[in-house]
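> First the structure, then my questions, so here it is.
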Ligand SMILES: O=C(CO)COP(=O)(O)O
């Protein structure tokens, strides 16, 4: 069975006070959310601990946005897996295009982070996706196959979520057409050795397009940026029809 996983990626937004304010507005909407949908919030490191203390049941699971591959050491500015699991974090986003673009993330470092996450029991959400230029040059398929092949070396596909996030659709309002997202996600699935891996779509997911996206047979969830920052908007997304 493929799980439905709807995750909000808050990126570098929300102080602790703002994150608690979000919870106040958000939690009541979950009463109508079907139990089998997993709802995840990927918050900044500084918010995770206080969110964890204020989430008394497991209705919302927490995710980090990055993880270092070593268990501990002289790595100024980094966070290890055990620091995350100790405060109740369950997921971690790995290889987001913003980390690949601005912070030198490569398929090799992505692979190391994925394995580190799994070693300490976190479920990694591996992000893959092409730029506008790569799409226009007809490189979408080969790029994604390479990202998967290199990223997933020795990675356990029993404990993994993948997000297809075309870079040109992120933060632009220019959503990838649902049938096209469905097609690429089908291609991603064909590269895996476990048919039960959940594969999300990400890139300008909004309350007004989530129903159509989730109606696609290959799409098992969403990774939502901007529209996850407001309680009503993220609630409408997790409660898609
Ligand atoms: O990058 C994203 C989620 O990880 C998508 O961001 P937007 O939903 O703001 O386009």
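Placed from the backbone N, Cα and C atoms, the Cβ positions cover glycine too.
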> Which one of 142, 198, 204 goes with 9, 10, 11, 171, 225, 226 at the substrate site, as TrEMBL has it?
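Looking at 142, 198, 204, the one TrEMBL places in the substrate site next to 9, 10, 11, 171, 225, 226 is 204.
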> To the nearest whole angstrom, state the Cα distance for the pair residue 10 (substrate binding site) and residue 165 (active site, proton acceptor).
15
> What three-state secondary structure does DSSP assign to residue 226 (substrate binding site)?
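Looking at the DSSP assignment, residue 226 (substrate binding site) belongs to a helix.
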> What does DSSP call residue 165 (active site, proton acceptor) in the simple three-state scheme?
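It is coil.
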> Within 10 Å of its Cβ, which one of these recorded positions (11, 96) has the largest number of other Cβ atoms?
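Most Cβ neighbours within 10 Å: 96.
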> Out of 10, 11, 204, which binding-site residues have CB atoms lying under 6 Å from ligand 1?
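The binding-site residues passing the 6 Å Cβ test are 204.
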> Out of 9, 11, 96, 225, 226, point to the one nearest residue 165 (active site, proton acceptor) in space (Cα versus Cα); all of them are recorded positions in the record.
96
